[in-house]
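Undergrad: Could you have a look at this structure, given as structure tokens, before my questions?
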Amino acid sequence: MVMGLGLFLLVFMLGLGLTLPTLAQDNFRYRDFLAKHYDGTPEGRNDRYCESTMRRRHLTSPCKDTNTFIHGNRHHINAICGDENGNPYGGNLRISKSPFQVTTCKLHGGSPRPPCRYRATRGSRNIVVGCENGLPVHLDESIFRP
């Protein structure tokens, strides 16, 4: 009986040891996605917004060519990875059922070195995300709706 309990605890601890790094890695990828692409309450959404937000989020060394910020409720973005607000789009990609307000910042000028100058494009778009364990970890594209 004691040996059975010891074996159970050993197997449990090994399983926990294998699961925690995976969960931590997924959580890192999700947090990285949010840091690069989520801004729930933007101010301005113009060229100045792009330049300051890209700089503040450390996306300017070297200057990133293009980056899209998704605005709105984080729960609705997460829901793309399930049936509540998403449909399959191929592989591990999902397309949102509803459009999101987005700002796309595109590098203006040719140099990848700071100071980075960006042009902002605002719009409402359906977005395509890559999901892992029910969370978005990659913004694949955004699709303009007429």
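Just so it is clear, glycine is given a Cβ too, placed from its N, Cα and C backbone atoms.
The annotation signal peptide is assigned in Swiss-Prot to 1-24 on the grounds of similarity to another entry. The tRNA binding site feature in Swiss-Prot is assigned to ARG45, CYS105, ILE127. According to Swiss-Prot, the disulfide bond annotation covers CYS50-CYS105, CYS63-CYS116, CYS81-CYS131. The feature motif 'Nucleolar localization signal' is assigned by Swiss-Prot to 55-59.
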Undergrad: Compute the C-alpha separation of CYS105 (tRNA binding site) from CYS50 (disulfide bond), stating it in Å without decimals.
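TA: On Cα coordinates alone, these residues lie 6 Å apart.
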Undergrad: Within 10 Å of the Cβ of CYS131 (disulfide bond), how many other Cβ atoms can be counted across all chains shown?
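TA: The Cβ of CYS131 (disulfide bond) has 20 Cβ neighbours within 10 Å.
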Undergrad: Out of CYS63, CYS116, CYS131, point to the one nearest ARG45 (tRNA binding site) in space (Cα versus Cα); all of them are disulfide-bonded residues in the record.
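TA: Minimum Cα distance from ARG45 (tRNA binding site) across CYS63, CYS116, CYS131 lands on CYS116.
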Undergrad: Do any residues at least six apart in sequence from CYS50 (disulfide bond), in the same chain, have a Cβ closer than 8 Å to its Cβ, and if so which, in order?
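TA: Non-local contacts for CYS50 (disulfide bond): THR103, CYS105, TYR118, ARG119, ALA120.
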Undergrad: Could you tell me which three-state DSSP class CYS105 (tRNA binding site) falls into?
TA: strand
Undergrad: Can you count helix, strand and coil residues in the motif 'Nucleolar localization signal' (55-59) using DSSP?
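TA: For that range the per-state counts are 2 helix, 0 strand, 3 coil.
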Undergrad: May I ask for the distance between CYS131 (disulfide bond) and CYS116 (disulfide bond), taken between their Cα atoms and rounded to an integer number of Å?
TA: 30
Undergrad: Out of CYS63, CYS81, CYS116, point to the one nearest ILE127 (tRNA binding site) in space (Cα versus Cα); all of them are disulfide-bonded residues in the record.
TA: CYS81
